[in-house]
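Feature annotations, courtesy of Swiss-Prot:
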type     : residues            : note
ACT_SITE : Asp8                : active site, nucleophile
ACT_SITE : Asp10               : active site, proton donor
BINDING  : Asp8, Asp10, Asp132 : Mg(2+) binding site
Amino acid sequence: MKKVIAIDMDQVLADLLSDWVAYINTYDDPFLKEKDILCWDIKKYTNTNNNVYRHLDYDLFRNLNVIEGSQRVTKELMKKYEVYVVTTATNHPDSLKAKLEWLTEYFPFIPHSNVVLCGNKNIIKADIMIDDGIHNLESFEGMKILFDAPHNRNENRFIRVMNWEEIERKLL
């Protein structure tokens, strides 16, 4: 039986942060930079406060760039593991359709039955989780792989990977 890997979508497969920051900067001042975001709560770095989340809409999620190497390595992982994409989507209902369409376009080799759209990842049971969110890995019981991002740079409790090539070396 294959081991199960749960892979986060935003900031692991899809480059949410750069597009979100660019979108926020069209409405907000001062000019926000990705490297300046040192914690999960992006609203601490903007003048829009809670309204920063209004930018998490269909168009943003549908048009994200693919993280380099993620398609090729995910396809290789599927030969050895049962791969699921697990993404928090129910907190932003406009993202549900967009995320599924995005995955269908850029990761057509992942069946829809292996896509989990949820609100809280603490229900996920797998052998390995790859995520950029510290809070998602804290409650996970398997191997915890932290995908590097500006907001998690001070974290050292998990296996850190800088890119998909490192995931390939560790898991294949």
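Note: Cβ is positioned from N, Cα and C throughout, glycine not excepted.
Given the structure is predicted, the values throughout are model-derived calculations rather than measurements.
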Alpha-carbon spacing, the residue listed as 'active site, nucleophile' to Asp132 (Mg(2+) binding site), which is rounded to whole Å: 8
Other residues, Cβ within 8 Å of Asp8, Asp10, Asp132 Cβ centroid (Mg(2+) site): Met9, Gln11, Val12, Leu13, Ala14, Leu16, Thr87, Asp131, Gly133, Asn136, Phe147, Ala149
Rounded Cα separation (Å) that holds between Asp132 (Mg(2+) binding site) and the residue listed as 'active site, proton donor': 8
